[in-house]
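Going by Swiss-Prot, these are the annotated features:
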| type | residues | note |
| --- | --- | --- |
| ACT_SITE | 88 | active site, nucleophile |
| ACT_SITE | 176 | active site |
| ACT_SITE | 178 | active site |
| BINDING | 230, 231, 232, 233, 234, 235, 236 | ATP binding site |
| DOMAIN | 11-202 | domain 'Glutamine amidotransferase type-1' |
| DOMAIN | 203-392 | domain 'GMPS ATP-PPase' |
């Protein structure tokens with residue numbers, strides 16, 4: 001497997017104790033230009049020594065340190081001489097391990113709280129106001145600090161909101177410094193990363209590209225790599241990166257299942273094959289997919305048919321190729337975290353190609369598996385990919401098949417394609433395309449009476465869905481300005497045949513999901 005050699009970068013590792021904010025800690029450190037990874041709390045001191053990090057962060061988590069099944073660590077980690085920052089549960093665990101006292105709080109704190117920094121020499125709060133607002137989320141608290149520590153901040157309901165042992169470079173904050181709700185959270189993490197850990201900001205995307213190109217070449221040699229292109233950001237970035245590294249040794253299969261957005265197949269071919277010279281086998285399978293979907297209206301059945309048929313088409317083409325040794329996928333770090341940590345509550349099914357026959361023995365190449373989504377986009381831009389491809393809206397594996405509610409027909413697909421294009425055009429004109437996390441149109445299968453000109457109509461309703469989210473686990477509907485919504489509505493009704501009504505979905509997730517099916 002060709003993965004990044006990270007030995008040349010300063011690193012700060014985050015140990016996972018189950019907090020919903022774990023990924024944010026890693027992201028914040030990376031935003032400083034320092035490489036960071038989220039690792040299992042079960043990691044040993046010996047394994048950490050091999051990684052040679054500049055610092056360690058203990059994340060928050062839902063446990064009490066006194067729970068029978070609470071997450072623990074190898075106590076030898078405290079003897080490594082590496083700076084440690086404990087956040088929320090991480091601070092309580094450090095206290096518990098080092099001889100302090102943790103108790104249930106008299107008044108639990110969830111949400112905003114004001115803290116007072118009581119030590120004007122506290123390195124974590126250097127040059128920051130003595131009073132600041134933070135984000136608390138805890139039921140236990142530290143009642144007594146371990147030997148060698150001092151209290152450096154307090155709040156009304158938390159007598160020890162932050163503690164420090166400058167000699168050993170061990171620090172704790174009861175609040176979540178990684179979330180934006182904490183007023184000076186970024187500055188606190190910066191002080192830990194640069195002032196305490198003395199890490200260098202030497203993690204850059206240009207260095208990553210050079211490193212990956214070299215490693216891919218060493219791994220692949222003169223052999224061939226197969227990549228399934230979906231037209232999405234991740235697989236497209238992988239394709240351009242691999243092409244830069246190994247050129248025509250890369251073979252791509254792009255299956256057009258007839259469920260893509262308007263002009264999407266042409267855009268992918270023009271950009272990736274035309275501009276970047278990728279070797280792409282395009283399979284036109286629209287008729288094959290639509291015939292399989294004829295008469296099917298149940299959403300899970302549609303998903304299953306689309307998924308199975310895609311795998312079959314991909315397999316049919318892959319079987320024709322000779323001398324393929326590697327399969328490339330656009331796996332991101334979020335996929336690795338969600339499916340590979342001990343504290344993960346759910347297992348995410350990847351949208352990458354799966355279900356390959358057992359007799360197709362490929363080695364796996366996942367060049368993006370250490371990157372977050374925004375870093376993958378940054379990589380695409382650094383590789384010279386066009387903005388409209390790098391910043392393409394997220395798109396589900398089954399495509400428009402789950403944005404047409406009920407039975408899929410070519411006429412219904414055309415309505416969704418045309419209306420979705422208008423939505424994307426107007427959102428971009430309004431300068432909102434980078435502000436709204438995801439937006440699309442959906443055809444609910446509802447028809448209603450309308451009046452157009454002097455005649456009565458009985459046509460379809462188009463739904464608009466636009467949401468903001470950080471990680472996709474929860475989402476809130478986007479507050480698109482009324483004048484922008486009006487332009488979108490007028491254009492769709494006037495330019496898209498068989499549509500006479502537009503509705504805007506103002507439901508959050510939960511209780512709804514982002515997609516309608």
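Just so it is clear, glycine is given a Cβ too, placed from its N, Cα and C backbone atoms.
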CB within-chain contacts under 8 A for the residue listed as 'active site, nucleophile', separation at least 6: 19, 59, 60, 61, 137, 138, 173, 174, 175, 176
Residue 231 (ATP binding site) to residue 178 (active site) - Cα separation in whole Å: 33
Between residue 178 (active site) and residue 236 (ATP binding site): CA-CA distance (Å): 31
Listed in sequence order, residues with CB under 8 A of residue 233 (ATP binding site) and six or more positions away: 373, 376, 377, 380, 389, 390, 391, 392
Cβ neighbour count (within 10 Å, all chains shown) around residue 230 (ATP binding site): 21
Neighbourhood of residue 234 (ATP binding site) by C-beta distance under 8 A, where only residues 6 or more apart in the same chain count: 330, 331, 332, 368, 373, 376
For residue 235 (ATP binding site), the three-state class that DSSP assigns: helix
